[in-house]
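Participant: Just passing along the structure, written as structure tokens.
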Amino acid sequence: MDGARSVRPVFDQARAERAVRELLLACGEDPDREGLAETPARVARAYREMFAGLYMDPDTVLAKTFDESHEELVMVTDIPMYSCCEHHLLPFHGVAHVGYIPNEHGKVTGLSKLARLVDAYAKRPQVQERLTSQIADSLMRTLQPRGVIVVMEAEHLCMSMRGIRKPGARTTTSAVRGQFKTSASSRAEALDLIKARR
């Protein structure tokens, strides 16, 4: 499990719509005017989609595996990622690079599953540091590989459009587990593959 509840929450559309309506009123807007009349329903649907990861167990994404006798690095780079900062409920977006070294049995998962795993953890109120670690920990739990590396680069709109207002500033986080933590050469190989794409 992702360390969260065993019973998943259910999205309450009506309650979310009421909350958006109240927010518009608190801002001094008229939620009944033509341009805003359907906004509470639209925003509620958008948040249901943006927080879809709350309503699933991310580990199930990796349930199907293959024994391929492959014991070398598997890496998917530049996975587009969109999430929502839990402090301001503003988006952050960027790319994730996810790699692992299969265990001695060569247990691998489909490449698209790595992208789905990123989405499963990104689509919820998040902080980038925790998001990076959750992806790595889920891979370690489910695939039991010899090592995992996750590097994430993102721009946070809570820093770009408010507060300090520094658009274009990117935050980089990493999580290394197993062989990537203990072997400098394994870590360097993965980081070189990430850098090579530039």
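Any Cβ shown, glycine's included, is placed from N, Cα and C.
Relevant sequence annotations retrieved from TrEMBL are reproduced here:
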- 17-194: domain 'GTP cyclohydrolase I' (DOMAIN)
- Cys85, His88, Cys158: Zn(2+) binding site (BINDING)
Participant: Quick one: which residues besides Cys85, His88, Cys158 have a Cβ within 8 Å of the Zn(2+) site's Cβ centroid, in sequence order?
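Facilitator: My list of surrounding residues reads Cys84, Glu86, His87, Leu89, Leu90, Phe92, His156, Leu157, Met159, Arg162.
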Participant: Validating a neighbour-count step here. Other CB atoms within 10 A of the CB of His88 (Zn(2+) binding site): how many?
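Facilitator: A 10 Å sphere around the Cβ of His88 (Zn(2+) binding site) contains 15 other Cβ atoms.
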Participant: Through the lens of DSSP with three states only, how would you label Cys158 (Zn(2+) binding site)?
Facilitator: helix
Participant: Just to be sure I understand the packing, how many Cβ atoms besides its own are within 10 Å of the Cβ of Cys158 (Zn(2+) binding site)?
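Facilitator: Around the Cβ of Cys158 (Zn(2+) binding site), 16 other Cβ atoms lie within 10 Å.
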Participant: Near Cys85 (Zn(2+) binding site), which residues of its chain come within a Cβ-Cβ distance under 8 Å, counting only those 6 or more away in sequence?
Facilitator: Pro91, Phe92, Pro125, Gln126, Val127, His156, Leu157, Cys158
